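Since the structure comes first, as structure tokens, the remarks are kept for the end.
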Amino acid sequence: MTQFLPPNLLALFAPRDPIPYLPPLEKLPHEKHHNQPYCGIAPYIREFEDPRDAPPPTRAETREERMERKRREKIERRQQEVETELKMWDPHNDPNAQGDAFKTLFVARVNYDTTESKLRREFEVYGPIKRIHMVYSKRSGKPRGYAFIEYEHERDMHSAYKHADGKKIDGRRVLVDVERGRTVKGWRPRRLGGGLGGTRRGGADVNIRHSGRDDTSRYDERPGPSPLPHRDRDRDRERERRERSRERDKERERRRSRSRDRRRRSRSRDKEERRRSRERSKDKDRDRKRRSSRSRERARRERERKEELRGGGGGGGDMAEPSEAGDAPPDDGPPGELGPDGPDGPEEKGRDRDRDRRRSHRSERERRRDRDRDRDREHKRGERGGDRGRDEARGGGGGGQDNGLEGLGNDGRDMYMESEGGDGYLAPENGYLMEAAPE
């Protein structure tokens, strides 16, 4: 189809000129010719220097070694500072240390918010206080957490030393000790490597977790005797007594916890048993009411049949009233013979069957309501039916045995049967027929 295009369009489809060939700048890899083939390094070994003339290798420091070196240098530097400060430290020439050293009490671990008046109020119970000196930082002016209390009498200081240790002040338990800087020879404070604490001796395997006056291991490195050596046994006994007291408290708390758990489980079981007992009693009451209702229904139906039979047998008199369905026995028939449409006829049986079916399908609430209504009707009928019964008995005959049941209908007959039982029995009581007392 392109050959039919005009020349101006055919010019658009014309091919371009070929790319001009230029010779390569370098030879191709397969065209290169090496003067020498590949070889080993054996010819060049003689050019290497002798290993015996080489300088020894320099060993670099690892990270662990560098940290250990810095720690060691820090310890050495601190030891030099401690030695320098120890030469200048003299507690006897301290301007802040005034008063009698044997009447002065050292109080540590004090809350930073505790004031001097609070300390005085807490420690005046052991005796009159002469002076209280709280230590503050020289740089920031904040409290350091310890103080010195000077008593007027040495016996008061001994009493506070014995009883005030571990006392809680502002939420913190303080540590109480005597002033050892001026009383113990060669004593050094904590910042200069001394003190009673053992929490800065070294690593975790050397340090103790809790420092205090009751630590017996702190006396191992003490150069001089204690100013109160007879108090050591008392401190040991007090410490053991406190430990035993803490153990007894823990054991008592564990027993209380177990007792609470047992009481809680017992209450839960008792509550469950009571709930199950209530459910069982409800079920038993419901079954008992159902059985009683069935027995009363059966007894009532039996009494109805017997009354109908008795009324049909005595219907030979002229005063017999027609029943609700109008099926009274004929006057000229025999006294004990029932008519074709008597009380036991198919219509009466059908009505009894329908009535029993309807009553059996009633709920418990409807049955209770019917019984209450029947009881009320029976009560009203008993109040106003005395004269009527006497009139009927006075004008009775063969139909006097009917007692007006045929004219009352089904509801009236039911009420009457509940009040009078057949064959010399009274009305049923709790599902049982009661025999009438002989006259």
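Including glycine, each Cβ sits where the backbone N, Cα and C put it.
When Cβ atoms from all protein chains are considered, those within 10 Å of T2 (N-acetylthreonine) total 7, not counting its own. Residues annotated as N-acetylthreonine in Swiss-Prot, with similarity to another entry given as evidence: T2.
Summarising the annotation, Swiss-Prot assigns region 'Disordered' to 48-79 (among others). Across the region 'Disordered' (48-79), DSSP assigns 20 helix, 0 strand, 12 coil.
For 60-79 (among others), the entry in Swiss-Prot reads compositional bias 'Basic and acidic residues'. Tertiary neighbourhood of the compositional bias 'Basic and acidic residues' (60-79): none, as no same-chain residue meets a CB-CB distance under 8 Å with a gap of 6+ residues from either end.
The DSSP breakdown of the domain 'RRM' (103-181) into helical (H, G, I), extended (E, B) and coil residues amounts to 22 helix, 30 strand, 27 coil. Residues annotated as domain 'RRM' in Swiss-Prot, with sequence analysis given as evidence: 103-181.
Its own atom aside, the Cβ of K118 (N6-acetyllysine) has 14 Cβ atoms within 10 angstroms in the protein chains shown. Among the features that Swiss-Prot reports, N6-acetyllysine is placed at K118.
Taken from Swiss-Prot, the feature phosphotyrosine covers Y126, and the record attributes it to similarity to another entry. Neighbour list (Y126 (phosphotyrosine), Cβ cut-off 8 Å, at least 6 residues apart, same chain): Y151, D156, M157, S159, A160, H163, A164.
Residues or ranges marked as region 'Disordered' in Swiss-Prot: 187-439 (among others).
Per Swiss-Prot, compositional bias 'Gly residues' is recorded for 192-201 (among others). Sorting the compositional bias 'Gly residues' (192-201) by DSSP state (H, G, I as helix; E, B as strand; all else coil) yields 1 helix, 0 strand, 9 coil.
Per Swiss-Prot, compositional bias 'Basic and acidic residues' is recorded for 207-254 (among others).
Under the heading phosphoserine, Swiss-Prot lists S226 (among others).
Swiss-Prot lists 255-268 with the feature compositional bias 'Basic residues'. DSSP states for the compositional bias 'Basic residues' (255-268), grouped as helix (H, G, I), strand (E, B) and coil, give 14 helix, 0 strand, 0 coil.
The feature phosphoserine is assigned by Swiss-Prot to S268 (among others). In sequence order, the list of same-chain residues 6 or more apart from S268 (phosphoserine) whose Cβ falls under 8 Å from its Cβ is empty.
The list of residues near the compositional bias 'Basic and acidic residues' (269-286) in space but at least 6 beyond its ends in sequence, with Cβ under 8 angstroms from a Cβ of it, reads 364. Swiss-Prot lists 269-286 (among others) with the feature compositional bias 'Basic and acidic residues'.
DSSP places the residues of the compositional bias 'Basic and acidic residues' (294-310) in helix, strand and coil in these numbers: 17 helix, 0 strand, 0 coil. Residues or ranges marked as compositional bias 'Basic and acidic residues' in Swiss-Prot: 294-310 (among others).
Per Swiss-Prot, phosphoserine is recorded for S323 (among others).
The compositional bias 'Basic and acidic residues' feature in Swiss-Prot is assigned to 346-394 (among others).
Recorded residues T2 (N-acetylthreonine) and K118 (N6-acetyllysine) have their alpha carbons 116 Å apart, per Cα-Cα distance.
For the compositional bias 'Basic and acidic residues' (269-286), residue counts in helix, strand and coil come to 18 helix, 0 strand, 0 coil, using DSSP. Tertiary proximity for the compositional bias 'Basic residues' (255-268), restricted to same-chain residues at least six positions away from its ends with a CB under 8 Å from its CB atoms, involves no residues.
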